[in-house]
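Participant: Let me give you the structure first, and then I'll get to my questions.
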Amino acid sequence: MKLENVNFRKVAIICACTMVVGLTVSMAILPELVNLMLRQNLRLKPGSDLRKMYEKVPFGLDFKVHIFNITNPQEIMQGGRPRVKDIGPFYFEEWKEKYDIEDNDGEDTMTFDMKNTWIFRPDLTAPLTGNEMITVPYLLVIGVLLAIQRDKEAMLPLISKGLDIIFEPLESAFVTVRVMDLLFDGIPVDCSSEEFAAKALCSGLDSEGAVAPLNDTHVKFSMFGLRNGTSIGRFKVYRGIKNVADLGRVITYNDETEMDFYDGDECNKYVGTDSTIFPPFLTKKDRLWAWSPEICQSLGAVYAGKSSYQGFPTSFFTIDFGDLRDDPVHQCYCRDPPDGCPPKGTIDLGPCVGAPILGSKPHFIGGDPKLLRDVDGLEPDPKEHDIFIHYDLQTGTPFSAAKRLQFNLELEPIRGHEVFGKLPKMVLPMFWAEEGASLNKTWTKQLKPLFMIRKFNATVKWLSIVLGTLGTIGAGFMHYKLHIKPVNVRPMEVQKTTVKEVEPSVETNGTGKEPPEKIEPRVVESAHRNLPPLFDGGLAGKQKPVPSDQRERF
């Protein structure tokens, strides 16, 4: 086929239309169809697959605990700088389950109790065993004294007397215990004394949920034992059937619509989900909000950049605790703002746990440099200690996540106390825990078709742009080249002239005088050929001779 026979104008129109159709399909129609399908499936509708996974997470989460072993307790008692060693991880499986579920179709809500169950994994903990002996701050002693000194100082003598009776002899703020006793099995506490101070102290510890009964005369204290396999509270959340943006959002906790731990309304709100689910269709500007009853606060992860997980493109989110002194909106978390705010990179957990405890990232990563200077033995590493989520914005799927939180004691001297009067004023790390999960191929393959559609959609879009643009421009150029005839303009030949000067003649007319000077006309020799009609025969061809009488006037 000859190019002259091709209708390049039609080809250009077809290419332009193909580009428009391709862009419309890839940027509007196909994405909307996918979103419609996701809206139908990403709802906590009774009997749905998502609902079953939400009620009981079908795999165990990784729960790892690291404990800071105090190597110089006696020096600390005299005001010295602590030296610590990170011992761990001690590995547990964490199973999350929701039960006693009630649905309300009118409100589009579900109400349930939630429990966490931890199972020790010695195979993954090895070479550690959980039987290691470690030295840590004894929260039942120094934690109680610090809390009473801060909030109810008038009761300090009574509490001190009760502690002297229960822990006789009371000689240190630290205790050496077996790891598993500290974490789950429990440290025995003798509450058999009939002394009023001792009975009042044991009764107070029991009512606060700090200890569990061991027998008629003893109770036991541990970090996680009381919460293992028991309800952490009753939640009411949105199911997301009517509005998918509300999926999993916490409405009430233990029938309360807000907390009462803080002075400001903003800090007492439940913001976000219970961290086991997140809504879909988020953007990079949105935060991943989750509220936790263990810390009585909402934490929001922020977008930090693009990432990938097992070949899937994801968005990387992290959490920065920041500095409340520079955040007036959330200074309601401070005891006495702005000077009473916790150090940069920490959050005050005292109102929630009833003890002077600060939360932070492990090894004070991202915190005030003074926190690191006050303790020997800390080695912050972003890969090991930062909080992260590899997240898919469209489906709300966390492919891989690690929530890491360190618990620290706000240490200070106990005023007027012989044993604890020389303690340094500083933030002492006690332990840190990591709760995390990473989807294996069993779960990621279920999302693969969706990502294949995304790749296909992106391919259609860019092919439409590239081929449509090149085809339109190329066809338009060929149409112009073949069908738009150029106009040939003949160059005009310019008349060439030669000018000669004629010497004037002198005449006396018989008077002996020269006549007045006359201006003689120039004789122009014209050499012209092929002149246009305007010149050829127009002016030059029709020039009449000048009469002699008129020449005299020159």
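From the backbone N, Cα and C atoms, a Cβ is placed for every residue, glycine too.
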Participant: Among 143-163, 458-478, where does Swiss-Prot put the label transmembrane segment?
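Facilitator: Checked against Swiss-Prot: transmembrane segment maps to 458-478.
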Participant: Have a look at Swiss-Prot and say which candidate in CYS202, CYS267, CYS296, CYS332 forms the disulphide with CYS352.
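Facilitator: In Swiss-Prot, CYS352 forms its recorded disulfide with CYS296.
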Participant: Can you tell which of ASN215, ASN509 Swiss-Prot marks as N-linked glycosylation site?
Facilitator: ASN215
Participant: Please give me the recorded positions out of ASN215, CYS296, CYS352, ASN440 that lie within 10 Å of CYS332 (disulfide bond), comparing Cα atoms only.
Facilitator: none
Participant: Should ASN228 (N-linked glycosylation site) be counted as helix, strand, or coil on the basis of DSSP?
Facilitator: strand
Participant: Report the member of ASN69, ASN440 (the glycosylation sites) whose C-beta atom has the most other C-beta atoms within 10 angstroms.
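Facilitator: Checking each of ASN69, ASN440, the winner is ASN69.
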Participant: For CYS267, CYS296, CYS332, CYS334, CYS352, listed as disulfide-bonded residues, tell me which one has the smallest number of other Cβ atoms within 10 Å.
Facilitator: CYS332
Participant: Taking only the Cα atoms, work out how far CYS267 (disulfide bond) lies from CYS296 (disulfide bond), in Å, as a whole number.
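Facilitator: Just about 9 Å between their Cα atoms.
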